[in-house]
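Notes follow once the structure below has been shown.
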Amino acid sequence: MAGSEAVEDKEIKSAVSSCEAYFEKVQSRKNLPKSLQETLNSAFAGIPVSSFPQVPGGRVIEIQAETPVSEAVKILSDSKILSAPVINTDHESSLDWRERYLGIIDYSSIILWVLESAELAAIALSATSATAAGVGAGAVGALGVAALGMTGPVAAAGLAAAAVGAAVAGGVAAERGIGKDAPTAADKLGKDFYEVILQEEPFKSTTVRTILKSFRWAPFLPVSTESSMLSVMLLLSKYRLRNVPVIKTGEPDIKNYVTQSAVVHGLEGCKGRDWFDHISALPISDLGLPFMSPNEVISIESEELILEAFKRMRDNNIGGLPVVEGLNKKIVGNISMRDIRYLLLQPEVFSNFRQLTVKSFATKIATAGEEYGLAIPAITCRPDSTLGSVINSLASRSVHRVYVAAGDENELYGVITLRDVISCFVSEPPNYFENCLGFSVKEMLNR
């Protein structure tokens, strides 16, 4: 127990250190006059978060922790949202957010769980000769998983006979043989396997709680309606939160949900104000943008597998990648975690995910973009573009990042994210969160 706590404490310290390093780089490079930065901080500190526009529909969609994955997918899809707060069923009536909410579930968490489940199931199917031959499907259950030494959500639930049988019917047994390798087995998983993931046991009964434990991207930290926009902007920039729930003291439900994108849209609406016009007219280079060098930007080649793109995003905790070609890394597209909706909603695409290249996936998305609200082309700017033009691109195109392209061949020079833009407008006063929100950075990142 002490060992796990030590590891957790080390991870928290590492996260804090990463946040500090990022923000120190931002502050040292953006070169805003101290008086202007203090004026901006004072202005944002005077704006209550309660004045921020409500989410569409005026109600934050929440999902119960015991909700099956299939139902969670439907809720997110029907509500046209990418994420939702998760209510701890054991403490649903609690007025303390620390007890009531477990975190935030999003499409990225679900798809990564689905992909891992598919991989593990394929290994189990290919490693058992009886199943590969299409007989004795029940032999591969929790026992088979344990024998193979698997870990993760699937190991916890076990591969029940019904799931294995349905998967076999979906295509694996059609290629009868002994000792098939796992990749081949996975390649043969057809539409029926997609249905297994969401409609058969044990996947059908897998809950949001289970996924949240395995694929948690960021801490859950709400602010009160009395908090300031400075608090929200610091959480969304320095501390890398993608969204900040808003609660009212003494009431259980989340009142609003402020995202990085919504804040940048709000900044876009500040045109005409002296402070905004001054900063937005500056070339991005004057603000130290992009904050990462070309070699630091994580990218994906167009001929690499889409599965590798999603894994790369997961491993680096980022929401998107530029698609590049050639030694000079010419920017030819963009893949983001938002695009995974298409993978979830199109079983014929999912069934071939192990063989699908980024380029092929982009082509399929391009033909369905209008229906699913997806955009595969990369939004770019030049090294001499103004911050205002970047903000306009982010807001008007509803994207999370703009790539900086250089030269005649649109070579990858850098990336500017929503987080980067917000960071340009704020700095953190000493001991700000301890003084204003009543908790330490360590507690925040431990949520």
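Any Cβ shown, glycine's included, is placed from N, Cα and C.
Residues or ranges marked as N-acetylalanine by Swiss-Prot on the basis of a large-scale study or a structure entry: A2.
Using a 10 Å Cβ-Cβ cutoff, S35 (phosphoserine) registers 8 neighbours. Residues annotated as phosphoserine in Swiss-Prot, with similarity to another entry given as evidence: S35.
The domain 'CBS 1' annotation in Swiss-Prot covers 54-120, and the record cites sequence analysis as its basis.
Sorting each residue of the domain 'CBS 2' (214-275) by its DSSP state yields 21 helix, 14 strand, 27 coil. Annotation comment: Swiss-Prot describes 214-275 as domain 'CBS 2', evidence class sequence analysis.
If you look up Swiss-Prot, you'll see 292-350 marked as domain 'CBS 3', on the strength of sequence analysis.
The annotation domain 'CBS 4' is assigned in Swiss-Prot to 374-433. Computed over the domain 'CBS 4' (374-433), the whole-number mean pLDDT of the model equals 92.
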The domain 'CBS 3' (292-350) - residue tally per DSSP class, helix then strand then coil: 27 helix, 16 strand, 16 coil
